[in-house]
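Asker: Attaching a single structure in structure tokens format; questions to follow.
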Amino acid sequence: MSWVSLFLAGLSSRAPSLLLVVMVSRDVGLRVGLGGVQTSMCSRWGSRVEEFNQGQDGDVVIGGLFNLHYQPPVIDQEFIRPPFYNPCTGLQVETLKAAYAMEFAVEEINRNPLILPGVKLNYRILDCCARHPWVLQGAFSLVGGESESWGPSVPVIIGGASSTTAIILSRTLAPLSVPVISYLASCPCLSDRHQFPNFFRTIPSDVYQAKTMAHLAMLFHWTWIGAVFANNDYGRLAIQTFQEEIEGTGAYVGELFLELAKRNVTNRQFLANEDSSPRNNSTACSSPYSITGKELLKHLNKVNFTTPHGEEFFFQGADIPAAYDLWTTGSSQVPISVCTESCPPGTRIANRKGEPVCCFDCIPCTDGEVSNDTGSHQCRRCPIEFWSNQVHTACIPRKVDFLSFNETMGIVLTAAAVSGAAVTSAVFVVFLHHRNTPVVRANNSELSFLLLLSLKLCFLCSLVFIGRPSMWSCRLQQAAFGISFVLCVSCLQVKTIVVLAAFRSAQPGAGGLMKWFGAGQQRGSVCFFTSIQVIICTIWLSLSPPIPHRDLGFQGSKVNLECAMSSVVGFAVVLGYIGFLACLCLILAFLARKLPDNFNEAKFITFSMLIFCAVWVAFIPAYISSPGKYSVAVEVFAILASSYGLLLCIFAPKCFIILLRPERNTKKHLMGK
């Protein structure tokens, strides 16, 4: 083991504060224990710099350059005589502590025979008072051994209390291969091994500290940062490095020139550098008594070991691995430093105009869009078959929506349809029980029973429109609707024709007219009109029937399941034929409304057809403009409204006479006029 590595190991194990000057507590008082400590004024240029302590004779002497006194004000030199400087006054306590630490480490190494057996160290510390000329004078005195009073030359110098001083020493002593080890010079420029091959330091470069602070800010997601830095090259380089590291993270750095003590700033985070010192090495020098600076420089570049605390130590060129402590106020909670809290899932970032990028608003995603990450800049639209949940954090399958029996609208329509069918059945029973009375027998009772049957089918066919659409229900609902209503209107059409024929036959020369409108002809006419609709529906449903279809075009949380009209022409022909028969029946009934009779059924047919036509004329625009299941509800409502209109207008007057005014249910009363 070389004396160099053992000395460095002794420094770290016996005197850990030697090179960690910045970490020494400030409450240590000034001690006077070293012989030869000078507290008088520094000598002027041209005189020997003052020696701190020479100690005992040793085999190897280590040089030290410290700024033990305050630096006086600068005097402008006239360059017509030797330079003149004001003397330094007063001791610098922190620097004095570093000198004590160096002396203590040397004595501890000499005291322990296991560290450097057979080799005795000595030190020589000079006060250069932070004057660059005195720094050079002291360095040459230590390296060259100026006279017999100074002793032998030193192979290494511990000094360079500032980066400027370290640069001067390194460039001056590099040709002599004398290593310079600094404990305070932190300029990043000193890491350049081409310019400073003999420089080493036990304090991390300022670049590492700025990068570490940037990584700390990114780790804690700080985006609103105030930087306090010195307004010089050091401070500007540090803030520039910090900003380069956090570039692209969305953080904003504000340059704040604050006096923290005056403003009583508390609860803030501060970083302190933790310097390390070599503790072990396995390399050896040729002779501990004739060590040279060049030989020492070679071994310093190869230092690599693990400390007793498990930390790996080595020089990366001039630097050591950087390590920092986070000094807090004792709180275990990570501090928050943001202008705006990160936008939660379900929202997106909207930058504020004219403000830093870290200041923004959180805008909720619109319906159908989601963001499932914190701090999203954009909301993502859900696929066509999905929709956003209530908090807009995930896309969920859209619910299938149709007119069902379980919802309120479906229940109301179902109740109306069932009630209509029940009332129609009750009327059928009443007519069947009084089938031999004049009111029932008037105008062909067989057509009345057939009309009641068709009305019941109209009420019941509306139920096919309610429920989940299927292939068969889509076909059945339109066919049942079209055929039932044609059957109903055909019965009314024939009834109206019979009324007209009956009164025309009473006129002279028209006695044979009724033979063309007997019971057989009436049934045949109804079957003929209805068969045409059956043929239309058969052709339509065979060629292009309605099919169940999921309507994804409507943007919402639900998918409309409906019976899509593959052929609008077929549906239009079905409705058109019903409308044609209804209009023809209305015209004939209108012509027969004033014919003489106490119970002229034509006027009731006229009124019922007016209601029927009004309902279906209003149906068309309402059906086209209604979305999804509401278009189905409109069609069901039109079916029920027109069916109730026919039932009430045609059969309510007859039931009133049969049940409440039986005295009018006579042939004499009916033929009174």
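Note: Cβ is positioned from N, Cα and C throughout, glycine not excepted.
Got these off TrEMBL a minute ago, pasting:
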- 1-19: signal peptide (SIGNAL)
- 409-432: transmembrane segment (TRANSMEM)
- 409-673: domain 'G-protein coupled receptors family 3 profile' (DOMAIN)
- 447-467: transmembrane segment (TRANSMEM)
- 479-503: transmembrane segment (TRANSMEM)
- 524-544: transmembrane segment (TRANSMEM)
- 564-592: transmembrane segment (TRANSMEM)
- 604-624: transmembrane segment (TRANSMEM)
- 636-660: transmembrane segment (TRANSMEM)
Asker: Can you check how the pLDDT averages out over the domain 'G-protein coupled receptors family 3 profile' (409-673)?
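Answerer: Within the domain 'G-protein coupled receptors family 3 profile' (409-673), the model's average pLDDT equals 84.
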Asker: Could you tell me whether the transmembrane segment (409-432) and the transmembrane segment (604-624) are in contact, taking contact to mean 3+ Cβ pairs under 8 Å with a sequence separation of 6 or more?
Answerer: no
Asker: Short question: most Cβ pairs under 8 Å with the transmembrane segment (564-592), which of 409-432, 447-467, 479-503?
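Answerer: By the under-8 Å Cβ criterion, the transmembrane segment (564-592) pairs most with 479-503.
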Asker: In the same chain, which residue numbers or ranges, 6 or more beyond the ends of the transmembrane segment (447-467), come under 8 angstroms Cβ to Cβ?
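Answerer: Distant contacts of the transmembrane segment (447-467): 402-405, 410, 413-414, 417-418, 420-421, 424-425, 427-428, 431-432, 440, 473, 476-477, 480-481, 484-485, 487-488, 491-492, 494-495, 498, 522, 526, 632, 635-636, 639-640, 642-643, 646-647, 650-651.
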